[in-house]
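Report on one structure; see the data block that follows.
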Amino acid sequence: MCGILAVLGCSDSSQAKRVRVLELSRRLKHRGPDWSGLHQYGDCYLAHQRLAIVDPASGDQPLFNEDKTIVVTVNGEIYNHEELRKQLPNHTFRTGSDCDVIAHLYEEHGENFVDMLDGIFSFVLLDTRDNSFIVARDAIGVTSLYIGWGLDGSVWISSELKGLNDDCEHFESFPPGHLYSSKEREFRRWYNPPWFSEAIPSAPYEPLALRHAFEKAVIKRLMTDVPFGVLLSGGLDSSLVAAVTARYLEGTNAAKQWGTKLHSFCVGLEGAPDLKAAKEVADYIGTVHHEFHYTVQDGIDAIEDVIYHIETYDVTTIRASIPMFLMSRKIKSLGVKWVISGEGSDEIFGGYLYFHKAPNKEEFHQETCRKIKALHQYDCLRANKSTFAWGLEARVPFLDKEFIKVAMDIDPEYKMIKKEEGRIEKWVLRRAFDDEEHPYLPKHILYRQKEQFSDGVGYGWIDGLKAHAEKHVTDRMMLNAANIFPFNTPTTKEAYYYRMIFERFFPQNSARLTVPGGPSVACSTAKAVEWDAAWSNNLDPSGRAALGVHSSAYGNQVKAVEPEKIIPKMEVSTLGVAI
């Protein structure tokens, strides 16, 4: 993984332009502290800042085909690269890098090879034979990528806004699952799964099929030549990631190099819900556990650095990014270069607490589709940029293409939350890993209520941020908010405070347009706010805004559901076996 920057067709091949590209590439050095590379072909420049994980000795970029007529700079991990190499017997590879297959696949298949890649990636490929290029981004947008256009006719590509915002007339987020071709001068979607149309699926729920698909997604991500660990908050998603990793680590190449003892990491305020739960899970699955504490003041002191790195003014993303940013620095200091994380599960399975109010399975499913499509603007952005701020990579098995296919093909009736039947949020995932003979997790952890990361690190965290913003944004300032910020007008002092900082770093109109907006409750889309009339008066992205659902909801304390009362009794099929 790394940071990439490309300037294509700028009509300037001077040394001064090369120096400028190098200068901008260095803005991404935090993403790849292990190596810097720049390849120039006429007025095209491909730059790279490398975080070496696979083949650190010889995998420096840019990468080439045999005669160096094809040049590639790529940020990514290609998990099926060994299988792809076998399909290219007549090609000679220069390195052992997993990304080395890209140039050779292009030689064989032209622009239509991207769907063959199983992994996360964003890349620029330059074909010097006709001076054409293609750019592509992974299916969901796990890797960050932006595209811009200069007045001189140039096209700019960068892993982060800061690599191109000062030199482009217009720029925007590169859409996930798309390819841009210089020959056509337009985007086209290469990732076209059935769920993207939001048609309602009808496949039966098969717990073992779901479990096995997730286990495969985790195992394939254990591709490494460097030390790694797992983020463990004690919630369902990260706990399952950690449990599966710990169970299958032995026997992998990663274990042969680095041992079978998995390291886990958690962050929170003193007494945070996540810290207690994470320690219990770590003890249960046998990891070497590292618990990091921070104070509200530590987080407040980091706000400006975080907004600079994650490049958004979205409130919930900033709230969750700060503790992840602080934790990532600690993890990197221990010599760890990548971690496995649990992002994506809530979007796929309707895990956010507002899904309790979904009126029917059709709206439930359509909301999950909307949430997955928007992940690159929220949780993927946070997980990618708050870790890469310190040269740490996050891998996300829930967003594996094959796993998403299995999970999104399930009839959404099975995902619906039905308290009267003992079915809480993400019931299908919980039930898939509810193994009495060989349990993955303690039962009460497996059925722990959803905590959004920004809540789980400590309920005082969000309250502290709001209090800090209150000191810096006056009522008079809020009266003029719509005039100062006509696009995505901040409606709270906390949002106004973050917006001021963002605009200072990224003052261009294109920059503010990269951030989504609209009403939200407990991380819902604007459409889902319509599910409960009371929510329109309680618009806050915290999970505690789901009044009457969260056990510690704002101003509405409700009794938590006992784990033994939510064990599902509904019969479902599991690969032909009744449960």
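Every residue gets a Cβ built from N, Cα and C, even glycine.
TrEMBL labels come from automatic prediction, so no person has curated them.
In TrEMBL this protein carries:
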DOMAIN    2-185  domain 'Glutamine amidotransferase type-2'
ACT_SITE  Cys2  active site, for GATase activity
BINDING   Asp98  L-glutamine binding site
BINDING   Leu231, Val267, Ser341, Gly342  ATP binding site
SITE      Glu343  site 'Important for beta-aspartyl-AMP intermediate formation'
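The 10 Å shell around the Cβ of Val267 (ATP binding site) contains 28 further Cβ atoms across the protein chains shown. When the alpha carbons of the residue listed as 'active site, for GATase activity' and Glu343 (site 'Important for beta-aspartyl-AMP intermediate formation') are compared, the span between them is 20 angstrom. The separation of Glu343 (site 'Important for beta-aspartyl-AMP intermediate formation') from Asp98 (L-glutamine binding site), Cα to Cα, is 23 Å.
The Cβ of Leu231 (ATP binding site) lies under 8 Å from the Cβ of Ser238, Val241, Ser264, Phe265, Cys266, Met327, Val339, Ile340, Ser341, Gly342, Ala394, each of which sits 6+ residues away along the same chain. Mean predicted confidence for the domain 'Glutamine amidotransferase type-2' (2-185): the pLDDT average there is 94. When the Cα atoms are compared, Val267 (ATP binding site) and Glu343 (site 'Important for beta-aspartyl-AMP intermediate formation') turn out to be 16 Å apart.
Around Glu343 (site 'Important for beta-aspartyl-AMP intermediate formation'), a 10 Å sphere centred on its CB holds 26 further CB atoms from the protein chains shown. In terms of local Cβ density within 10 Å, Cys2 ranks first among the recorded positions Cys2, Gly342.
Here the Cβ of Asp98 (L-glutamine binding site) has 25 other Cβ atoms within 10 Å, regardless of which shown protein chain they belong to.
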